[in-house]
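Engineer: The following block contains the structure, expressed as structure tokens.
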Amino acid sequence: MLPMITGFMNYGQQTLRAARYIGQGFMITLSHTNRLPVTIQYPYEKLIISERFRGRIHFEFDKCIACEVCVRVCPIDLPVVDWKLETHIRKKRLLNYSIDFGICIFCGNCVEYCPTNCLSMTEEYEFSTYDRHELNYNQIALGRLPMSVIDDYTIRTILNSPQIKNG
């Protein structure tokens, strides 16, 4: 008879413990009900990104000395640098520079180690395309000036949002 009573007591204790755990989880869920939604309607609204964000790489053709440091420090040997040696002036002349953003991991090593600062990270992150070959940017596409996200009219709705000010 005694083992039966202790069995009922253990069962009762386990039931109370389970109810307490369920109640704690439910209280956490209820604490989130009075918060504002976090969802951003992406094509129409955008968040302001950090100033350290690693977006599309901007390239300045005139500053590049074709030293290929960017290729050596890239973990996947991605930048393609074509150059020609000008023998009469003993310098390299850059012919072509391209980066395939379909393969790029945006580590920023090329930007950090460039001795002439001809590479810089922008805040552009929209690379959507139907053909992956369109992600291979040459020096003309890389030289295009980036559009500032702050000047975009869709940002203003997020800037005035109460959840950005409060949280």
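Quick reminder: no glycine exception, Cβ is built from N, Cα and C everywhere.
Grabbed the feature section from Swiss-Prot, which reads as follows:
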- C64, C67, C70, C114: [4Fe-4S] cluster 1 binding site (BINDING)
- C74, C104, C107, C110: [4Fe-4S] cluster 2 binding site (BINDING)
- 55-84: domain '4Fe-4S ferredoxin-type 1' (DOMAIN)
- 95-124: domain '4Fe-4S ferredoxin-type 2' (DOMAIN)
Engineer: Expressed to the nearest Å, what is the distance separating C114 ([4Fe-4S] cluster 1 binding site) and C107 ([4Fe-4S] cluster 2 binding site) at their Cα atoms?
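Structural biologist: Between the Cα atoms of C114 ([4Fe-4S] cluster 1 binding site) and C107 ([4Fe-4S] cluster 2 binding site), the distance comes to 14 Å.
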Engineer: If the [4Fe-4S] cluster 1 site is taken as the center of the Cβ atoms of C64, C67, C70, C114, which further residues of that chain fall within 8 Å of it by their Cβ?
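Structural biologist: Residues close to the [4Fe-4S] cluster 1 site, other than C64, C67, C70, C114: I65, A66, E68, V69, V81, C110, P115, T116, C118, L119.
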Engineer: Would you mind splitting the domain '4Fe-4S ferredoxin-type 1' (55-84) into helix, strand and coil residue counts from DSSP?
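Structural biologist: DSSP classes over the domain '4Fe-4S ferredoxin-type 1' (55-84) add up to 5 helix, 8 strand, 17 coil.
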Engineer: Is it possible to list how many residues within the domain '4Fe-4S ferredoxin-type 2' (95-124) are helical, extended or coil according to DSSP?
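Structural biologist: Helix, strand and coil residues of the domain '4Fe-4S ferredoxin-type 2' (95-124) number 5 helix, 9 strand, 16 coil.
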Engineer: Fill in the CA-CA distance, C107 ([4Fe-4S] cluster 2 binding site) to C70 ([4Fe-4S] cluster 1 binding site), as an integer in Å.
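Structural biologist: So the Cα of C70 ([4Fe-4S] cluster 1 binding site) lies 12 Å away from that of C107 ([4Fe-4S] cluster 2 binding site).
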Engineer: Between C74 ([4Fe-4S] cluster 2 binding site) and C67 ([4Fe-4S] cluster 1 binding site), what C-alpha distance do you get in Å?
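Structural biologist: Between the alpha carbons of C74 ([4Fe-4S] cluster 2 binding site) and C67 ([4Fe-4S] cluster 1 binding site) there are 13 Å.
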Engineer: Roughly how many Å separate the Cα of C104 ([4Fe-4S] cluster 2 binding site) from that of C67 ([4Fe-4S] cluster 1 binding site), to the nearest whole number?
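Structural biologist: Distance between the two Cα atoms comes out at 20 Å.
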Engineer: Would you mind reading off the Cα separation of C110 ([4Fe-4S] cluster 2 binding site) from C70 ([4Fe-4S] cluster 1 binding site), to the nearest angstrom?
Structural biologist: 4
Engineer: Return the residues near C70 ([4Fe-4S] cluster 1 binding site) by Cβ distance under 8 Å, restricted to its own chain and a separation of at least 6 in sequence.
Structural biologist: P79, V81, N109, C110, Y113, C114, L119
